[in-house]
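Peer 1: Below is one structure. I have some questions about it.
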Amino acid sequence: MTAGELAVDGLTLTAGARRLVRDVSLTAHPGEVIGLVGPNGSGKSSLLRAVYRVLRPAEGRVRLDGADAWSLPVRQLARSVAAVVQESGTDFDLSVREVVAMGRTPHKRLLSGDTAEDARLIEEALATVHVSELAGRPFDRLSGGERQRVLIARALAQRPSLLVLDEPTNHLDIRHQLDVLGALRRLPATVLVALHDLNLAAYYCDRLYVLRDGEVTASGPPAEVLTPRLLAEVYGVASEVAVHPLTGAPQVTFLPGDTGHGRSRDGEDRSAVRTPGAARAGD
Amino acid sequence: MTSPATDTPLDPAARHQPFDAGRQGPGTPTAALVILTVLLLASVTAGLAIGSVHVPPGQVWGIVTHAVGADPSEPDWSRARETIVLDVRAPRVLLGAVTGAGLAVVGTAMQALIRNPLAEPYLLGVSSGASLGAVTVIVFGVTLFGPVSLSVAAFAGALGALILVYATARTGGRITSVRLVLSGVAIAAVLTAVLDLLLLTTDRGNEARAVLAWTLGGLGGVSWGTLWLPSTALLVGIAVLLLHARNLNLLLAGEEAATTMGLDVARFRARMFVLLSLVTGVLVAAAGPIGFVGLMVPHTVRLFVGGDHRRVLPTAALGGAVFLVWADIAARTVAAPMEIPVGVLTALCGGPFFLWLMRRDARRAAGEGVA
């Protein structure tokens, strides 16, 4: 088991002539939860794909505990790095438990069977994301949210020191969003997670990296990163950021208006309006 | 395999019901293997017994056990019957079992590797590629590799066709059923046309007729001397696939996910393509292109044992063997004394099955919605 220290240096990713990510550097220390936020198409998924070794960097390096992730054998890396990706699989009548059991594969030799230890880790992973009661159900009959939780359980069964997740809270209702992110927080592993919801990111992440057009525009603790000025620049929306009295985390409230300069549809200038009732949360 | 409890999540008694008692326990897969083995023995016996000369099953067993030296008692059957059972029917029945098992495991693996439930050597034109390779050897009389020339050429043809179909059907890392089937049909059509052209223009008229019959798929005319190659190919194929059963499972999760779980997908797929082409090529060289076995058997088997390849592969092998032995019995008897090519019969069952599978997948895709 490795420590889970991730270091991305000067990473540039391309798809043909198109540049997806440019000169991105990022670190995640053991046990940290690092959030990746940014608009659609800002390069979050591409960056994650380079970390879980699917998209080969054009320039720069991805290192895990000092070792170049791209020079390790795929199987060896899979013992330390697990991922929840956005791709969907094929329907082939696997049960939920069988899907989660796949996570044990990098730890198995070609012919070795499943041990009691494997079974224990699988049950533990199922329980962590509250899907134990689904264990015998066919995976392809689950709802989107149930599937998502099972895929997270599969990554947990892999026992990674670094867990990479691409928008894991998609398809989840609010209760399960909180459950899943809470479970990620309690993991001993380092977590790198792309999130859409800035308030969840602010509450659950130790540090955030904000991506825009494939470059890091800001990074640091949520309270330092999430400012109305940055959000206007990156997302083009007006917002107010306050410290939430109960959670102590920054709380972003978006203000209606489509120009990003605090101007509502009827043209009235509302950038000065701070009445909570006039604002609507969302992303 | 859905428990009825699935639909009543609010019933407290149902919640504690072990949904997976059947599938997870060691009972089901083992039971399936035992049942299929018994079924296979019965089918082989039937294959040896049924025909223009009917030999009672008891006598079949007598002849077989006597032949292997397990039964020293004096035979009470005629020499002719012994010849019919041992030299005429036995190789044919065994080739049927070997071919059925081989096509079923090849189909199983192909569905995982191409990540599409409709993948099957015949539908994808892989069998046509193998046929073309074999026919080229026959028509031009090439014997570069001695007695296995036919199989080597069939292997090369199968591999070429598989790579071609895969490359044409793949867009953006994913293969849709429509593109896959269309590429398969188109490539099979071209290969078959070339094959027909070769046969029509060759000056070896008699051989052409024999080959034409062979391209419909048939198990007739096999002897003990030619059985070893398909049998070896089958055993090697099953052994290697079983060794990689976990990796085949990973591919069900998707290519990226499989990579994150430690599988070098491109390399694995390339190796498996070579293996599957080898098995398909050898089987086609021996029995002609027999369609739909690789489609019907794996999907039927999955209904009973689930999708884990560690269970699907052995059960599909046995199921495929049973299926083709019976298909051949039917081919020999339904229009006796005329013989129907067994490939015609499997296509008769396989076509409707294919349509059912397509509709089922469409329904599932429509039902997914949110995912």
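FYI, residue positions are counted from 1 along the chain as it appears here.
Quick reminder: no glycine exception, Cβ is built from N, Cα and C everywhere.
Copying in the features that TrEMBL gives for the protein in this structure:
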{"type": "REGION", "residues": "B:1-25", "note": "region 'Disordered'"}
{"type": "TRANSMEM", "residues": "B:31-51", "note": "transmembrane segment"}
{"type": "TRANSMEM", "residues": "B:93-114", "note": "transmembrane segment"}
{"type": "TRANSMEM", "residues": "B:121-142", "note": "transmembrane segment"}
{"type": "TRANSMEM", "residues": "B:148-168", "note": "transmembrane segment"}
{"type": "TRANSMEM", "residues": "B:180-201", "note": "transmembrane segment"}
{"type": "TRANSMEM", "residues": "B:221-243", "note": "transmembrane segment"}
{"type": "TRANSMEM", "residues": "B:273-297", "note": "transmembrane segment"}
{"type": "TRANSMEM", "residues": "B:340-358", "note": "transmembrane segment"}
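Describe the structural context of these features.
Peer 2: Residues 57, 60-61, 64, 84-85, 89-90, 92-94, 96-97, 301, 304-305, 311, 314-315, 318-319, 321-322, 325-326, 328-329, 332-333 of the same chain lie 6 or more positions beyond the ends of the transmembrane segment (B:31-51) yet place their CB under 8 Å from a CB of it.
Listed as Cβ neighbours of the transmembrane segment (B:148-168) (distance under 8 Å, sequence separation of 6 or more from its ends, same chain) are residues 114, 121, 124-134, 136-138, 142, 175, 179-180, 183-184, 186-188, 191, 229, 273-274, 276-278, 280-282, 284-286.
Note on the transmembrane segment (B:180-201): residues 114, 116, 118-119, 123-125, 127-129, 131-132, 135-136, 139, 157, 161, 164-165, 168-169, 208, 211-212, 215 of its chain, located 6 or more positions outside it, place their CB under 8 angstroms from a CB of the stretch.
Sequence-remote contacts of a segment are chain residues at least 6 beyond its ends whose Cβ falls under 8 Å from one of its Cβ atoms, and for the transmembrane segment (B:221-243) they are 87, 90-92, 94-95, 98-99, 101-102, 105-106, 108-109, 148, 151, 272, 275-276, 278-279, 282-283, 285-287, 309-310, 313-314, 317.
Counting only same-chain residues 6+ beyond the ends of the transmembrane segment (B:273-297), those with a CB under 8 A from a CB of the stretch are 95-96, 98-100, 102-110, 113, 118, 120-123, 126-128, 130-131, 133-134, 150-159, 162-163, 166, 214-219, 222, 226, 229-230, 233-234, 236-237, 240-241, 316, 319-320, 323-324, 341-343, 346-347, 349-351, 353-354, 357.
Same-chain residues lying 6+ beyond the ends of the transmembrane segment (B:340-358) with a Cβ under 8 Å from its Cβ atoms: 96, 117-118, 123, 177, 213, 216-219, 287-293, 295-296, 299, 324, 327-328, 330-331, 334.
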Peer 1: Grab the same-chain neighbours of the transmembrane segment (B:121-142) for me: Cβ-Cβ under 8 Å, and only residues 6 or more beyond its ends, written as numbers and ranges.
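Peer 2: Sequence-distant neighbours of the transmembrane segment (B:121-142): 103, 106-107, 110, 114, 149-151, 153-162, 164-165, 180-181, 183-185, 187-188, 191-192, 194-195, 198-199, 202, 204, 207-208, 211, 215, 276-277, 280-281, 284-285, 288-292, 294-295, 354.
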